[in-house]
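Peer 1: Please see the structure below; I have some questions.
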Amino acid sequence: MGDRGARPGRLMPMLALLSWAAGLGVAEETPGRIPADKLLVITVATKENDGFHRFMNSAKYFNYTVKVLGQGQEWRGGDGMNSIGGGQKVRLLKEAMEHYASQEDLVILFTECFDVVFAGGPEEVLKKFQKTNHKIVFAADGLLWPDKRLADKYPVVHIGKRYLNSGGFIGYAPYISRLVQQWNLQDNDDDQLFYTKVYIDPLKREAFNITLDHKCKIFQALNGATDEVVLKFENGKSRVKNTFYETLPVAINGNGPTKILLNYFGNYVPNSWTQENGCALCDVDTIDLSTVDVPPKVTLGVFIEQPTPFLPRFLNLLLTLDYPKEALQLFIHNKEVYHEKDIKVFVDKAKHDISSIKIVGPEENLSQAEARNMGMDFCRQDEKCDYYFSVDADVVLTNPRTLKFLIEQNRKIIAPLVTRHGKLWSNFWGALSPDGYYARSEDYVDIVQGNRVGIWNVPYMANVYLIQGKTLRSEMNERNYFVRDKLDPDMALCRNARDMGVFMYISNRHEFGRLISTANYNTSHLNNDFWQIFENPVDWKEKYINRDYSKIFTENIVEQPCPDVFWFPIFSERACDELVEEMEHYGKWSGGKHHDSRISGGYENVPTDDIHMKQIGLENVWLHFIREFIAPVTLKVFAGYYTKGFALLNFVVKYSPERQRSLRPHHDASTFTINIALNNVGEDFQGGGCKFLRYNCSIESPRKGWSFMHPGRLTHLHEGLPVKNGTRYIAVSFIDP
């Protein structure tokens, strides 16, 4: 009895609804194509974040008319990412539709905005909508939520997606108005469930003439469909293509956990970057610092979290930044006692130009996360701090204009692209794996290698980045941004920024510098950088190879003071000094004795007072140096000879009147020999040099950092000329013995 009694109560409003729908002749009264100005986009945004601005920019690109509801209001619709909710959107739409309910020729497109971009224009949307021959079309989804128990109530779909997605729908204004008039719930109730229950009710579905966009012709929900969609470049345009249905959806929705994929698509759509024209948004909303009277104040955060090679050069490069020093303040965290001397030298130099310098040393015993929180807060708490520029010690900023370039891009968070030399290792990730770690995006290699140049919205960046001070005092006003669960500090920062809806960008519009490797950095030597030829070859070359080395091949500066004795620059002053220091620090000079356990047979016929490279662990480095820098010179001066770049004897010789002042005539046990002067005649010693007896030719003024190269056995009998006072050092290798 109860059931039979309930039927009339349910049927009466449904009959009224059907009668109302029959009275509307929207489809018949709108012959031909609907004009673009008859489409109104409605969205809800109680705040304006980066996602909202991206949505509005894409709408502006296609000349959509957009009405934003809820601006300035408190959001009471729940946490849509982690729970049901969203009812506030329905209420706001219900209120707004009272104004449009009678406009039978008006089409309403309701969509999310924080995680949506348009890929096509109003004409395309309306054309596709009209072809459905329905009054309301909802986005379709392959996933059923929030109530999986309703699956059986959905109409069967043979091709396409079966379930409703409330993130986007389009329909004639009277039908949309009547649909949302059904809402009588609370703001924190679920909008998805509300629309679902309307759709799965056969009578209501018929009354409202609702269908789903089963093949994603208009709406593309990315959640559950990431393997269906690809980026498509064609005819100067960038589109998202659904490869399952061969469609080009117009509104792309990064619902659920797919916001990172949407950010990737948003780097290209709508025509943000194309193969023909490159980056279309790079110069939009930028700042021209040349027109600014007072330069923005920048807090430069420097972080030395592990023993780092080439640190003095890193610090000195910070002082070469093309930015007014009076607008800089420094925050330095140094975790390593090993680097305290480098910091002191740097601060003594920097304090003359930079008035505010805060140093947090190893005695504070701060974790990396605590130190980074402190550095960021140093800017956050200073109302005059316009930007926070964080730089790790493993970043080599070779472009002095880096800071200016980043400021002028005018993004909340932006990082310059830096990579390891010759590798794909960089300071950003283009995608994330399901567990939140590195995954390679389709465009990662092209961005790293500079095949695609622009400003890229990415899920992770580290090592060096710029954050606007006003962002730290608004969206990111919490102090503890570098601690989250068990994540590394850099991952915690990026996770927090993503959750706050703050976009992070990477720029590869310029060459900014590179990353160095801190792996395998052994600090047991006196001058540890000398061992970095394998890990950081570019930095090693810059520090230790003579600046004129390249002129050997471009300007033919090789000299020939004696027949087949070639003379050329090879080492920098620093290389010479550090090699001598390293040998003296080791201190176990051989004394120039004939009996020598270091060599095969234990006897040296022409002994020198020396230390072998092998004794200080430098042998492999030295042999690599020979192959990389000596071998090319060999090919130039000894045409047709290809060296193996191998030497059994590599050593530094020490000449002094007190120990060994000269060396008697001899042939070297080599195909050819190199002899590099490590200090200056006239300054460090008097006398010395080398005489080639067969040619009666002497070289008495060796140049520091320059090498002799001459044949070894048979032709070039030679002797070491006496040192009169001081100490002379040379580095020698018997190559291809």
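Quick reminder: no glycine exception, Cβ is built from N, Cα and C everywhere.
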Peer 1: Please pick, from His612, His718, the residue that Swiss-Prot records in the Fe cation site together with His666, Asp668.
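Peer 2: Given His666, Asp668 bind Fe cation in Swiss-Prot, the matching entry from His612, His718 is His718.
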Peer 1: Using DSSP, how many residues of the domain 'Fe2OG dioxygenase' (644-737) fall into helix, strand and coil, respectively?
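Peer 2: Output for the domain 'Fe2OG dioxygenase' (644-737) reads 3 helix, 52 strand, 39 coil.
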Peer 1: Sort out for me which one of Asn63, Asn209, Thr320, Asn365, Asn725 has the most neighbouring CB atoms within 10 A, since those are the recorded positions we care about.
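Peer 2: Neighbour-count leader: Asn209.
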Peer 1: Residues other than His666, Asp668, His718 within 8 Å, Cβ to Cβ centroid, of the Fe cation site?
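Peer 2: Surrounding the site, in chain order, are Val606, Pro665, His667, Thr673, Gly712, His716, Leu717, Glu719.
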Peer 1: Note the mean pLDDT of the domain 'Fe2OG dioxygenase' (644-737), expressed as a whole number.
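Peer 2: Averaging the confidence scores along the domain 'Fe2OG dioxygenase' (644-737) gives 92.
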Peer 1: State the count of C-beta atoms found within 10 angstroms of the C-beta of Tyr323 (phosphotyrosine), not counting that atom itself.
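Peer 2: There are 20 of them.
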Peer 1: If you skip the near sequence neighbours and keep only those at least six away, which residues in the chain come within under 8 angstroms of Lys704 (N6-succinyllysine), Cβ to Cβ?
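Peer 2: Long-range Cβ contacts: Glu573, Cys576, Ala677, Leu678, Asn679, Asn680.
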Peer 1: Return the residues near His718 (Fe cation binding site) by Cβ distance under 8 Å, restricted to its own chain and a separation of at least 6 in sequence.
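Peer 2: His718 (Fe cation binding site) has long-range Cβ partners Pro665, His666, Cys690, Lys691, Phe692, Leu693, His710.
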Peer 1: Take the C-alpha atoms of Asn209 (N-linked glycosylation site) and Asn63 (N-linked glycosylation site) and report the distance between them in angstrom, rounded.
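Peer 2: About 28 Å separates the two Cα atoms.
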Peer 1: Using a 10 Å cut-off between Cα atoms, which of these recorded positions sit near Asn365 (N-linked glycosylation site): Asn63, Thr320, Tyr323, Asn522?
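Peer 2: So the list reads none.
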